[in-house]
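A.B. asks: According to TrEMBL, the feature domain 'Bicarbonate transporter-like transmembrane' maps to 50-217, 445-582. What TrEMBL lists as transmembrane segment is 76-98, 156-174, 186-208, 228-249, 261-281, 316-333, 354-374, 475-493, 526-543. Marked as region 'Disordered' by TrEMBL: 391-441. The annotation compositional bias 'Low complexity' is assigned in TrEMBL to 405-419.
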Amino acid sequence: MDGMSSNPIHLESRDASTLLQQKNERPSAATYATIQIKRKRLLWLRQIGSGIILDIRARVPWYLSDWTDAWNYRVVPATALIFFANVLPGIAFSLDLIETTEQYGVAEVLMSSFMVAFVFAIFGAQPLTIAGVTGPITVFNKTIFDILSRESHPPIYLHFIGWVYLWAAILHWITALLNFCNFLKYVTLFSCDTFGFYVSWVYLQYGIQVITRQFAPTSLNLVEEQGVLVSIILAILMLVTAYLFDSLSRTPYFHRHIRRFLADYGMPISLIASSGMAYWGRFNAANPLTLPTGRAFQAAGGRDWLVKFWELEGKWVGIAFPFGFVLWILFFFDHNVSSLMAQGSEFPLRKPPGFHYDFFLLGITTFLAGLLGLPAPNGLIPQAPIHTASLTVMGPSPKDEEDQGTSSRTQTQTHTQSSNNDRALDRHLNSPPDPTRRHRHEVPVSVVEQRLSNLAQGSLCLVLLTGPFLHLLHLIPRGVLAGLFWYMGAGALRANGITKKLLYLIQDKVLTSHNEPLHRVRKSRIILFVGVQLVGFGATFAITQTIAAIGFPVIIMLLLPVRTLVIPKLPFSREELAILDGPTASPFTMASVGGTL
């Protein structure tokens, strides 16, 4: 990262305050002159397309290393993990859309996931960001279908959706060309945590819906009742097994390589094992519902892959524009927030981002989705940060390394004063230093930043479209997908900032670390801050349960002015607000959009 900070191309997108803050020094005459030059160059940023150009210029020097760096074992578990975490929830999210509209099928979901993975892995500036079919886009498409179904003479659904996607794509391109992605500087943890909290509960809700949809409106016969019961058992088995593997990976038990294996492959193993249980003994006799699939590489209903949306009647073209505008709002927030979270400050990244250029590419994939009749893909939460976390290399922190070296020197220099109480005791007892210290405090050391894992998981989606693998996909019980939803939703909820603050409020202060920053925040202010976030979450979640669900992206986007205009006027001190909220990503990442708030 330090090496990147001195890159002249990268520095052009940084403002003067960021430069001085990183240097941590008062500007000399030469430094001040350099800053003035940078400011003049920054005026160039206001020109049309300049953000895209800077993103390309910053990323091109790293393109070759994006492929050579893939020669790393971390790519293998990352590909396996994100493949299962992407394609199966995408299909499960689309089940309601598939069964209700009959305009989409599993093939459309898989083709959409492959298309976006191919485009962003080969051409994208932020290949760590995982994109695919999300819950919000399925809610969006289904709501449009419900609205059109109320019309006496509705248009052809896919033709109308094609124009919706085209209008959204045009707005994407305008946004990228006019550098509107610079507004991401106003996206802080306040907005990301609120939206992430909403997505977590959407996952939990969909897990429940996967089970409840198996209850027919009429009374079930004995076999059907047994099938639903087995689905519930499989869902719980999937949740418990995956959570057990994840918990074991965080314990001191077994060798650290075994623990890392459980962290890498625990979820895929749980999914395969839980699916296998459906075909064992009396579970198999119950015949639980499985994923619906079609024919290999065939679109739903046997239609052609090309959607001739330009044949839509003129009046419906105009009506499609407001829907395209709402979709643009959703993708502007959803995709960019997932990119920010995939490049969060907790990850030691060294390669530059490119938000303007990637959002332009998202417009291309949105247009292609409408042209092919696919659900439009965009950035995934929580899959995107999960992908980066799976590529993170852990190791002892530099501080621990330094402490370890100091311990060795104290064995020969007995009169050297130690800054650590444990080491002082070791020296007093003439005992060797604790050899487990450096393994107990592992921290992220680096991230395998490459393009292969994204491309590989997308290519596996294309492989699933072949006949034999579609049959294997058809064997996965729906109950297992419900457990996968619960596992991913609970994991995202556990890591969310809102959850952490709520848990802090009920935590025994005697057992809370003295280094906890929230100690410096009044409890009433924590409650106030979290309360505002929960109101935003409640409004977003509530509107998605109504026919007005089409407007939920507007509620999400309103989080930005609430944070910028409302929160600073509430009775928070500057220090309290800095502790409760902060940038989603490091200044290194935020430099692409002009810095932070």
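For all residues, glycine too, the Cβ spot is worked out from N, Cα and C.
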A.B. asks: Are there 3 or more C-beta pairs under 8 Å linking the transmembrane segment (156-174) with the transmembrane segment (475-493), counting only pairs at least 6 apart in sequence?
C.D. replies: no
A.B. asks: Ranking 156-174, 228-249, 261-281, 316-333, 526-543 by the number of C-beta pairs under 8 Å to the transmembrane segment (76-98), which range is first?
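C.D. replies: Selected stretch: 261-281, with the most Cβ pairs under 8 Å.
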A.B. asks: Could you check whether the transmembrane segment (186-208) and the transmembrane segment (354-374) come into contact, where contact means at least 3 Cβ pairs under 8 Å with the two residues of each pair 6 or more apart in sequence?
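C.D. replies: Touching, no - the transmembrane segment (186-208) and the transmembrane segment (354-374) miss the threshold of 3 or more Cβ pairs under 8 Å.
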